[in-house]
Structure formats: C-alpha cells, structure tokens
Amino acid sequence: CIVYPGESGSGKTQSTNFLIHCLTALSQKGYASGVERTILGACPVLEAFGNAKTAHNNNSSRFGKFIQVSYLESGIVRGAVVEKYLLEK
C-alpha cells in the first residue's frame, strides 16, 4: 500500500500517475498489453470528471482513489480495480 499525503497542489495525482506508469511498464516485457493501456487510460478519464479549477490549482483533484493492481505469477499485469472516494461535502 502506498499513500500520498500532502497539501493541495503538491503533486499527489502526478506522482500516482507516474507510479502506475512505472508499475505497468515493469510488467510489459517489451510490449504493452491492452490491460496496461486500459489502466493507464483510466486516470485521465477519472480526472476529466473529478477535477476542478480552484484558486490555487487549475486542475485540482476533488476526489481520492484507491487503485489495486493485480499481477499473474509471471509478473504480467492481470488487471486493476479503481475505487473513487468523494471527500467533499
């Protein structure tokens, strides 16, 4: 489990996207499967619906997410589950 705490605008979302990219790239073994492309493509879709402009950040995440990536024994990405959490009132 990796938790990204931090203040608004500190780069938590960008760090998460970078980590997901690294975790999927490690399993590619020279090629990108449809599963990996789908996982990488999910983040921008979530951001399109869950981000907003604020006084301090033009693309502020207004939600939290839990991402669980599962692997086959061979080290290839099997799939992922993304749960979103709306934390605002």
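Cβ atoms here come from the backbone N, Cα and C positions, even for glycine.
Under the DSSP three-state reduction, SER10 (ATP binding site) is assigned to coil, being neither helix nor strand. Residues or ranges marked as ATP binding site in TrEMBL: GLY6, GLU7, SER8, GLY9, SER10, GLY11, LYS12, THR13.
The domain 'Myosin motor' annotation in TrEMBL covers 1-89. Over the domain 'Myosin motor' (1-89) the predicted model carries a mean pLDDT of 85.
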Secondary structure tally of the domain 'Myosin motor' (1-89) (DSSP, helix then strand then coil): 33 helix, 21 strand, 35 coil
Greatest C-beta neighbour count within 10 angstroms, which of the binding-site residues SER8, GLY9, THR13: THR13
Residues close to ATP site centre defined by GLY6, GLU7, SER8, GLY9, SER10, GLY11, LYS12, THR13, Cβ within 8 Å: TYR4
Cβ atoms near LYS12 (ATP binding site) (within 10 Å, other residues, all chains): 16
